[in-house]
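Database features, via TrEMBL:
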TRANSMEM  7-25  transmembrane segment
BINDING   Asp98, Asp377, His381, Asp418, His419, His493  Zn(2+) binding site
BINDING   Asp98, Ser213, Glu372  Mg(2+) binding site
ACT_SITE  Ser148  active site, phosphoserine intermediate
Amino acid sequence: MIAVRKYFYKFSFYVTLTLIFFRVFDVDCVTIGDPYHKELFDAIEQKERILFYENRLTPENERSTEFWLEEAQRYVKKRATGSFNSQKAKNIILFLGDGMSISTITAARILKGQRQGCTGEESILTFDKFPFTGLVKTYCTNGQTPDSACTATAYLCGIKTNVMMLGVNANVQNNNCSDSMNREHQIDSIVQWAQKAGKSTGLVTTTTITNASPSAGYAHVANRLWECDNDIINTKAIIGPGEECKDIAQQLITSEPGKNLNVILGGGMGKFLPKHKVDAFGAKGERRDGLDLIDHWHSNYPQGIFVTNLEELEQVDFNETKQLLGLFHSSHLEYYRKAKVERPKQPRLKDMTKAAIKMLEKNSEGYFLFVEGGRIDHGHHETRAAYALDETLELDEAIQTALDLTDDRETLMVVTSDHSHTMTISGYQSRGNPILGLNERDLDLDGTPYSVLNYAIGPQQYMDSNGKRLDLTNFISDNMIFPSYIKALMGTHAGEDVAIFARGPQADLFSGTLQQNVIPHLMAYAACIGNGLHLCKQEDA
């Protein structure tokens, strides 16, 4: 047993050391930005696999922007005729649990109850109480199992596209900047629809603000990895002679609709600063072009407030502040369970949500707010189930904060996920069995106890030299890398449907089984903005 424990600790040490190396040392900016999707990075360099990402796998009609928009509008019109709630939404808040599969929701619900001293299964998450629920189909135009870029383009821009793409249609080839800078291939998002309708807008995330999920709200790129200019260089982007290839951070600060956002809260300060500058957290910037995008933001909004910690965020005078930029980490925000000990000045997701609503609610025309619990996904990629579930409960608290600050007669609130993960709840354990523990009732055929939570794919199989599964009794902890069946560097996404929950004006539209790209069209119809404007005006007439 001592030898087994040494093996486990040694393995955990090397996995942790690898992640630290990627994030701390000045290696490839791509790896620093997102070490959680290496299987996608590899496809860019390996010629035998890159065919998967070419649009030849996309049906011809699905490459068209019009195909998805027309399909969505037909669906909205059909759903609207059967809706019994004609109240228009003044405000829209979209909560996104990145990687929040249905099994994640169930396990987090049980964990919440067990933390309260109950058996857990009877517990209720905040969004469990939303009156309308449905399922969402998450496939992308060239992927049965999606990534967070093509899915974000679906639920923020209203079309399905290829894996790795943000804010562009499926005519764009992976890594081809010339394609993505072509306005004919670019898609406007619900962020822009809201701004054109006179509403305030905000983005909140626990990842880098330039990560895939929030970026679809403002960026158009042929590779989700292009968070800063250094990433574009490292991925050997295809750029035509004399063409400019704007990275995601630059598009956020200098282009519409990003530069018009009233609230930007998240991580990733390194993406906005040049290499010769050190950020508020002691890390060097990542940009090679010498641009200081934070200074650029200040020059556009001299009265805007820039904050880097919870104390500064809480001191903001929301009544007097028109623009708020908060960057709370060099990279992704730290997991809450670690931050509360190691980074007590880092705001929680509920803190950022509260600040965003206080900033946006001043507009009499209303607002659109996107809030992402982004590190649920990262916990699953590391197959650290305790981290993923804890981040899910952080999202749940942020949703409760939003409920406390809003009126459901005028605010449409939608909670969903972009994609699933391979974590399962397995066995015939007793009621109240610790969800993060071992099955206390069943043993396998060899008489060995096994974990309640397991992953299909991940780094740790817990096998001895003879291929026999190890007894995990002495290894269970909150930092544990949970068992998986197929060996891989990290856990991967899964392809099944995810859940959607809604409350507020027109919430009944969000039920049944939905295509993911219909979500922003339903929200737009409920608020009478963007592509929903024509249909809701027709109805009024």
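Indices start at 1 and increase along the chain as displayed.
Glycine is treated like the rest: Cβ placed from N, Cα and C.
It should be emphasised that the depicted structure is a prediction, and the values quoted were computed from it without experimental measurement.
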Long-range Cβ environment of Glu372 (Mg(2+) binding site), under 8 Å and at least 6 residues apart: Phe95, Leu96, Gly97, Asp98, Val204, Thr205, Thr206, Thr207, Ser213, Pro214
All-chain count of other Cβ atoms within 10 Å of the residue listed as 'active site, phosphoserine intermediate': 30
Among His381, His419, His493, which are recorded as binding-site residues, the nearest neighbour of Ser148 (active site, phosphoserine intermediate) by Cα: His419
Other C-beta atoms that fall within 10 angstroms of the C-beta of His493 (Zn(2+) binding site): 25
Remaining residues near the recorded Mg(2+) site, that is with C-beta within 8 Å of the centroid of the site residues Asp98, Ser213, Glu372: Leu96, Gly97, Ser148, Ala152, Thr205, Thr207, Asn211, Ala212, Pro214, Gly373, Gly374, Asp377, Asp418
Cβ neighbour count (within 10 Å, all chains shown) around His381 (Zn(2+) binding site): 26
Surrounding CB atoms that lie within 10 Å of the CB of His419 (Zn(2+) binding site), all protein chains: 27
